[in-house]
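Copied over from Swiss-Prot, here are the features:
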REGION    1-176  region 'Disordered'
COMPBIAS  29-40  compositional bias 'Basic and acidic residues'
COMPBIAS  73-82  compositional bias 'Basic and acidic residues'
COMPBIAS  92-102  compositional bias 'Acidic residues'
COMPBIAS  160-176  compositional bias 'Basic and acidic residues'
DOMAIN    225-320  domain 'SH2'
REGION    322-343  region 'Disordered'
Amino acid sequence: MAKWLRDYLNLGSRRPPPQPPTPDYTESDILRAYREQKDLDFEDPYEDSNGRAEPEVTGSGDPKYNSPRHRLIKVEAADMARAKALLGSPGEEPEAETEYSDPFDAQPQPPAPNSGYMEPYDARSVSSEQPSRAVQLYDTPYEEQATKPEDGGSSGQSRRPLEDERPADEYDQPWEWKKDHISRAFAVQFDGPDWERTPCSTKEPWRPQPAERVDTALALEKQPWFHGPLSRAEAENLLSLCKEGSYLVRLSETRAQDCILSLRSNQGSMHLKFARTRENQVVLGQHSGPFPSIPELVLHYSARPLPVQGAEHLALLYPVTSSQSSQGPCTLAAKPERGQGDP
């Protein structure tokens, strides 16, 4: 019973729960040594050990002539030598690099013996003072000597080989081949009966042949390339085997008073409608100029590209006559001209 009361009613003594360890905020030995060394490195010479400023020394002189106090800064020897080289006058000789920071302790460096080596800046200044020579891109092993011998005599034959005077086809001949041999050989060749002077064969650029002349005096119904009422499919059938630039004029299927220009391009057949302005002028598209009649428009664009999108590079070159529609496919495709093949 006593054990039950002690365990369940907490009437007996109870142990406290475990507590986390108490943090130690004391400074370690390594950190303390580092801090002391840091204070020594950046010690102010005008302060005492307690960090208080030293009292000013009062003298009998005028205080306005007292020099201000300066802090001492540790300077490396290499930095001091570099600063002296930058701040020194141009005519001053550079001093030798030493381990001391005091410039008064450095001794001037004796001039080094001439070993043939020169700094790039000095070499550039020396080369600018000397007369400029042509830049030599490569070494010539047979370079002639520019200096003459002291005795005044001839400097001897040049080591550079003489240019080979033989033609390209006679490299197998001996070295003693001379000009007279070449002259005689070419004279016999040129004076022969079979020699003919042929002009230089230059390839002239091919120019397209001009289109067939369109007679503007004839009416539209009497033009050979006017087919009258013709369906779209029949026009495409006629132009399917024709060359690029072939054309015909036909009447529309839906509206008999409208004329259509059927044209063969590199992408197939194109059908363009002729329109009339208020002044009864004929135009072909928005960018076409007005013309009095369709034959005059066809004559104009037989020598100029059409102002129609998709046919800017085309002209009305090859008319498809009405007689060809009764004979069958376009006979112009049977004999393609040079530079133009079947589309």
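Positions of Cβ are set from backbone N, Cα and C atoms, glycine also.
Secondary structure of the domain 'SH2' (225-320) per DSSP, as helix, strand and coil residue counts: 15 helix, 30 strand, 51 coil. Note on the compositional bias 'Basic and acidic residues' (29-40): DSSP counts are 12 helix, 0 strand, 0 coil. Within the model, the domain 'SH2' (225-320) carries an average pLDDT of 88.
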